[in-house]
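Participant: Can you read through this structure? Questions will come right after.
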Amino acid sequence: MSLVCSISNEVPEHPVVSPRSGAIFEKRLIEKYIVENECDPINGEHLKAEELIEIKTPPIVRPKPPSATSIPATLKMMQDEWDALMLHAFTQRQQLQTARQELSHALYQHDAACRVIARLNKEVAAAREALATLKPQTGMASIQSAMPQPSIASEAGGMATQPIEQAGMSAEVIQKLQDKATVLTQERKKKGRTVPEELVSAEKIRGFLTLASHPGLHSASVPGILALDINHSDQSKILTGGNDKNATVFNKDTEQIVAILKGHTKKVTKVIFHPEDDTVITASPDACIRIWNVGTSQTQLLLRCHDGPVTGLSLHPTGDYVLSTSSDKHWAFSDIRTGRLLTKVPDTADIGLTTAQFHPDGLIFGTGTEDSQVKIWDLKEQSNVANFPGHTGPITAISFSENGYYLATAADDACIKLWDLRKLKNFKTITLDEGYEVKDLCFDQSGTYLAIAGTDIRVYLCKQWQELKVFNDHTALATGVRFGKHAQYLASTSMDRTLKLYGIE
């Protein structure tokens, strides 16, 4: 076994061993290293040249160098350069190892810092949301201080919520509802049975094509859009609610996201675009109803009027009140301007409620139940005035026609039932394919067309109840469908994470 220098990795001419590390070196190399560093190159311990131990080995016979020429001097110079190169390479290897260790430590610290920053950003966003929600409440403090106040429930984050106790349906509120209903009824009589000139004809709807598909509104990690609404005053703005716990306001004309509304702790299942204000209303199985300011993307009011998941949401024609239903077997009527719960009424059969919708006049509304009943309620009297049996399975969707006479309902029985509110009976049943699921129903604003979302998207012509068009573009269950103004376009959402727009090219 030959000896090898730990610095040059070559057989040494004059081998020595270091008493500090036990390593073998070429004597002239280690002496040069000691002169520069005064330590053992292997373990870094202090070392002097006098401490080196020479090893006795047979002498290496080398050819006698020629004399009287410059070649020996050249060789000596090259030898010195080689020695310097070996020392430098060894030092570089040590520095490289040290740099690797320092880099590893720095990367670990960077990762820890990123986690801390992300947590702090989340806490700041929660604090801002809590502050924005508290601000509307402070303006009411002086008014409410003069009267006995119900207790205010508060969330863990300190956000002020709606009073749990009911404020009651005052004579002023009832008169406001009656006045609005009178105006709407008169307007409907003036319109008569004439169809708006701008309304898209049935033939054109048959020619509707898919104009756009937008998959980027909600998170891809938790796919699925569950709710849809269109802004009546600005038809370019569309509101969606997703499985990712967010609601998104989207401008279809610019194809840009206007706002992402974050705050719910569970998926967003119901959304409403206020027809006049820059406000949206959302509901979720987290038992919360949130009123948002679109401009600031912040919660204005947080309504906690249910003890279970909110399953239905409908805005009153006045634009000041919201109706909600829940699996807690109650429906609630709340003021979205003040955040007060006006009344909360249990279902007559003590059954969980699945959906809700105001009649266009706002004095009556319909609810669906888990035991396949459709119920009509008088809002002023807070009483159940009619029941529509006939479905099997939980009611999934209901929709009143703008003409005020028709009600369309759907359940887990693959059919759509049409009810005449004047005669309180079912006058038409649209039977769909076996296993067809219906998730949403929608009449257009003129009451001329009915759209269905579920296994696919379908459009029917009312009165004749003739199928005009079927869209099969979605790759998963469709969850929402809405008509644009005068049926100029149709929008739909799906569990495939897309918002699709249909119209004439």
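Heads up, residue numbers simply count up from 1 along the chain you see.
Using the three backbone atoms N, Cα and C, a Cβ is placed for every residue, glycine included.
TrEMBL labels come from automatic prediction, so no person has curated them.
Feature annotation from TrEMBL assigns domain 'U-box' to 1-73. Taken from TrEMBL, the feature repeat 'WD' applies to 261-302, 353-387, 388-429, 471-505.
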Participant: So which residues does the repeat 'WD' (388-429) touch in its own chain, when a touch means Cβ under 8 Å and the partner is 6 or more beyond its ends?
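Facilitator: Distant Cβ neighbours of the repeat 'WD' (388-429) are 185, 188, 354-361, 366-376, 435-447, 450, 452, 454, 462, 465.
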Participant: Apart from its near flanks, which chain residues at least 6 from the ends of the repeat 'WD' (353-387) lie with a Cβ under 8 angstroms of it?
Facilitator: 169, 174, 177-178, 180-181, 184-185, 188, 311-318, 323-327, 329-331, 333, 343, 345, 347, 393-402, 404, 407, 409, 411, 413, 419, 421, 424
Participant: Average the pLDDT scores across the domain 'U-box' (1-73) and report the rounded value.
Facilitator: 84
Participant: The repeat 'WD' (261-302): which same-chain residues, six or more beyond its ends, come within Cβ distance under 8 Å?
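Facilitator: Apart from its flanks, the repeat 'WD' (261-302) reaches 125, 128-129, 132-133, 136, 155, 159-162, 224, 226-233, 237, 239-249, 308-315, 319, 322, 324, 326, 334, 336, 339.
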Participant: With helix taken as DSSP H, G or I, strand as E or B and everything else coil, how many residues of the repeat 'WD' (471-505) land in each class?
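Facilitator: Across the repeat 'WD' (471-505), DSSP assigns the residues as follows: 3 helix, 17 strand, 15 coil.
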Participant: Please spell out the DSSP helix, strand and coil residue counts for the repeat 'WD' (261-302).
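Facilitator: In the repeat 'WD' (261-302), the DSSP-based counts are 0 helix, 21 strand, 21 coil.
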